Amino acid sequence: MGRFRGGLRCIKYLLLGFNLLFWLAGSAVIAFGLWFRFGGTMKDLSSEDKSPEYFYVGLYVLVGAGALMMTVGFFGCCGAMRESQCVLGSFFTCLLVIFAAEVTTGVFAFIGKDVAIRHVQSMYEEAYSDYLKDRARGNGTLITFHSAFQCCGKESSEQVQPTCPKELPGHKNCIDKIETVISAKLQLIGIVGIGIAGLTIFGMIFSMVLCCAIRNSRDVI
């Protein structure tokens, strides 16, 4: 009996440790998602009328999952401390929802990468054409693109040189740079989503083991 209670206590502390880690991971995911959405390249693009909302869907899911992770981490600690089967069962269900959300984010980021790249490239092509037709009307949008992606023009930068960043060393094709930047960012989002999903699996295992151990201990008593 003493050995059984010792094992139960060990599982409980493992779950408590997991929930602390899970809460911190949730905070990091929210910070990561908000920084990705409102910082740097994406901050510049979001100010445009035709901002790439398709690109942001995965980030919205990621931030929502991060908020849920923080909440679930807190209730998971409560369930482990109180040894409540009901709370642990709810905790397991929430982890399952988070797992599905993170896998969706990861898959969406990897599969939707080409669509997002083409969408942003078409936005640039349109801004480029507008500038050549009316330099006053298309000036602001093109400057935003060149500043966000640190590039200038397409095959040549001569026609759009006034909109290029002054600190940019040499010519950099914006079509190629957009593909490189968006691909890298979406790949990072996908890796974070899949990584959190993997962490969630351990939480589901710990919660089920503890729930079964609590039930068995009460049966013994």
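In case you wondered, yes, glycine gets a Cβ from its N, Cα and C as well.
Taken from Swiss-Prot, the feature N-linked glycosylation site applies to ASN139, supported by sequence analysis. Annotation source Swiss-Prot lists topological domain 'Cytoplasmic' at 1-13, 76-90, 210-221. Sequence annotations record features per position, and here Swiss-Prot assigns topological domain 'Extracellular' to 35-54, 112-188. Swiss-Prot lists 14-34, 55-75, 91-111, 189-209 with the feature transmembrane segment.
The topological domain 'Extracellular' (112-188): residue composition by secondary structure is 50 helix, 0 strand, 27 coil, according to DSSP. Over the topological domain 'Cytoplasmic' (76-90) the predicted model carries a mean pLDDT of 80. Most Cβ pairs under 8 Å with the transmembrane segment (14-34) belong to 55-75, among the candidate stretches 55-75, 91-111, 189-209. Listed in sequence order, TYR131, PRO162, THR163 are the same-chain residues six or more apart from ASN139 (N-linked glycosylation site) with CB atoms under 8 A from its CB. DSSP places the residues of the topological domain 'Cytoplasmic' (76-90) in helix, strand and coil in these numbers: 13 helix, 0 strand, 2 coil. Listed by sequence, the residues of this chain that lie at least six past the ends of the topological domain 'Cytoplasmic' (76-90) yet keep a Cβ under 8 A from its Cβ atoms are 12, 15-16, 18-20, 22-23, 203, 207, 210-211, 214-215.
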